[in-house]
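Below: one structure, written as structure tokens.
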Amino acid sequence: MTRLKSLTHFPFLFFGLTAITGVWMRFFIISGKEFIPYNHLLHGHSHMAILGWTFLAVFILFINMNWDEIIYKGQAITIVFSTVFVTIIMFFAFLYEGYALYSIIFSTLHIGIEYWVIMFIFISLKTISTIPKIAQHFIKGSLFMLFISTLGPFSLGAISAQGLRDSVLFDIAIYFYLHFQYNGWLYLFLIGMFIALLKKKGITLRTSFLQASFWIYIISLFPGFFLSILWVDVGFIGIVFAVVGAIGQLLGVIIICIALFQVRSQFQQIFSRRMNRTYCFIFALLMSKSVMELGLLHLPFALLVYDSRSVVIGYLHLMFLGFISIFILTLFQNMQLLQESSTWVQKGMNIFLAGFLLNEFVLFLSGYLTWTIGKTVWFHHELLFVASILLLCSIGILWTSFVKNSSTA
């Protein structure tokens, strides 16, 4: 188990590299000193965040929770090291050449690992008795969405080969990938793991509510993609799909929140006050994101949002840095990968929240001020630079806490 726990160093490494490139990009904007082309940094940053940090972290969560019942333990460890090898080379390829030959090769190899993970988890679920059937539905649904998301990167090659890299089709393929990654694969997987964790701790959510949430949400995911591309003329049918997707996804989230609210007394007994507040914050972020998407149904507002880079970046960070990353770090604590009672962990989480909130406040307020008075927040770039440093420091503190916890275990 100690060897298994040591694998958690890799997600922290990837999270740290994501944060370092984030600081680097903010420093470039302030200083104007370009050691590495900005676009190269951006590609490395985004791919490390999605294919490195979040992908490996949720897989580590899965094998840690179910290690005793996983039959193919050697294969699980091989998947981790294969992911690390491919992701690191892919990351430095992006820094060196941007979106080009070697980065594309290793991005494609990573997709192969994703298919491997899909098969591994799907087969493993057959022998794991401690994950409730409804939680397995969420996890299997997430695996299907992970597969669907890979169609986006594959289509980029075909689009580029047709000389359409600067067309809207290229951007649509990217939004397709992102939508099924964070709204599909990561959301469903984390909810499934959370339901399984609650079951282990003696908290059972109402199955009928979870089933309703699952089917409403997963069916809504497909028309919900149109929410991401309303800046294109999708026609009346496309708008109808967007409406169905937005309402369905929001309804699915609301039902989950109701199911959790019904067991709030058990939550308060089993989890600490700090952990209760953290989970309330996590699901408040999820609700905020879902409500924000409803606003996109007003087309003039949707076009305004899509033309505002700071709002788009704020939205993506709300999901990846907020809901997904904080959820992962909280589950790390629940699974004893991080010690919740540790002063280091508490300080690290507080600094992380401060950096995240500052980042979101500046991005969304700048978007609002740009719309209303044509200006951004004073010291916009400097404040975002401070936020990125806070996030990097918090990750360093949390990783240090993990090292200390591992050495005393």
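Residue numbering: from 1, along the chain as shown.
Every residue, even glycine, has its Cβ placed from backbone N, Cα and C.
Here TrEMBL flags 12-32, 44-64, 76-96, 102-123, 143-162, 174-197, 209-231, 237-261, 281-306, 312-332, 352-371, 383-403 as transmembrane segment.
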Same-chain residues at least 6 beyond the ends of the transmembrane segment (237-261) whose Cβ lies under 8 Å from its Cβ atoms: 183, 191, 205-206, 209-210, 212-214, 216-227, 229-230, 267, 279, 283, 286-287, 290-291, 293-294, 296-297, 299
Long-range neighbours of the transmembrane segment (383-403), counting only residues six or more past its ends (CB under 8 A): 8-9, 12, 15-16, 19-20, 22-23, 25-27, 29-30, 321, 329, 337-339, 342, 344-345, 347-352, 354-356, 358-359, 362-363, 377
Per Cβ pairs under 8 Å, the stretch of 102-123, 143-162, 281-306, 312-332 packing most closely against the transmembrane segment (44-64): 312-332
Same-chain residues near the transmembrane segment (12-32), Cβ under 8 Å, at least 6 residues beyond its ends: 38, 41-42, 44-45, 48-49, 52-53, 56-57, 87, 91, 325, 381-382, 384-385, 388-389, 391-392, 395-396, 398-399, 402
Positions on the same chain near the transmembrane segment (312-332), where near means CB under 8 A and six or more residues out: 8, 11, 15, 49-50, 53-54, 57-58, 61, 178, 182, 186-187, 190, 193-194, 197, 275, 278-279, 281-282, 285-286, 288-289, 292, 305-306, 338, 349, 352-353, 356, 359-360, 363-364, 367, 391, 398
